[in-house]
Amino acid sequence: MLQLLRQGHELLPADVNCSGRAARGACFSVRNSIKTTAISFALHLLFFLLGIVLPGVLFLASYRRRAGGRTLHWTQRMKTHLYYGNGLLLWGLAGLVIGVWWLSGRPLTDIGLGWGAAPYDLAAVLVLAGFVLVYLFDILREAGSAEQREATRQEFARLGFMPATATQFLNFTFLAVAAGVGEEIVYRGFMVTYLREVLGTSPAAVVASLVLPALAFGLGHFYQGGRAVLKIVVMAILFGFFFLRTQTLWPLMLLHTAIDVFGGLTSWYLQAGEDQRAV
């Protein structure tokens, strides 16, 4: 695929004569056409794999596990492997997106790896600020009573892989940073931009460009339960709106990472002393 992207001229038939000014011009057009087709196919394939196949596989795996009532006894070693394994996978997916986008000759600023147009759009800033306020209110509500804290602790315990000790939390931060950066690049930077280019700029197309990646993102988190998926989809739509209006991912990466780190910190605090499993 990389050869296809970088060296479209090698796909010319062997009997094509590119000598002479007119022939060279024709060959240049053929090469550009081949290269454009290859790039378009690569981006379509990337969206199909990351936006349809991967969320579908994650959803089915989570659904079967929940439907079967199966639970895992998560040891510290298993948690550590999960944190670093999934973290490396997320970094790899983000690198794949960046690599394919760069090989296509497109600027990385198109997928949000720039500072955007300052000052940022007021509506986008207000939406993001509103999300933060609602998120903080939800935290206070869940921690407002002993009963709510116990319910939250039990939910973390049900998930099994969330950190319950200082060591686990420190290892978990690797995954939190990878998710904060990698998922924003894949689900906001790449998918929203890709769909805007494919679907166009009509109001319906804009809505689809925000909703479809958010649904894919939510399905990939089905292991957290239906209520959590709903929250995640709403968050993804709001994050997508911010990206669409500002063309930058950096604030989203920072906020996403902070949310995940705080979730790990909360799990550690609530489960402290509950996890005495062997390494």
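Going from the start of the chain as shown, residues are counted 1 onward.
The backbone N, Cα and C atoms fix where each Cβ goes, and this holds for glycine too.
As recorded in TrEMBL:
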TRANSMEM  38-61  transmembrane segment
TRANSMEM  82-102  transmembrane segment
TRANSMEM  122-140  transmembrane segment
TRANSMEM  161-182  transmembrane segment
DOMAIN    167-261  domain 'CAAX prenyl protease 2/Lysostaphin resistance protein A-like'
TRANSMEM  202-223  transmembrane segment
TRANSMEM  228-244  transmembrane segment
TRANSMEM  250-270  transmembrane segment
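Remote same-chain partners of the transmembrane segment (38-61), defined as residues 6 or more beyond its termini with a Cβ less than 8 Å from a stretch Cβ, comprise 1, 4-5, 8, 93, 96-97, 100-101, 103-105, 186, 190-191, 194-195, 212-213, 215-217, 219-223. Using a Cβ-Cβ cut-off under 8 Å and counting only residues 6 or more beyond its ends in the same chain, the transmembrane segment (82-102) has close neighbours at 5, 42-43, 46, 50, 108, 110-111, 113, 161, 171-172, 174-175, 177-179, 181-183, 185-186, 189-190.
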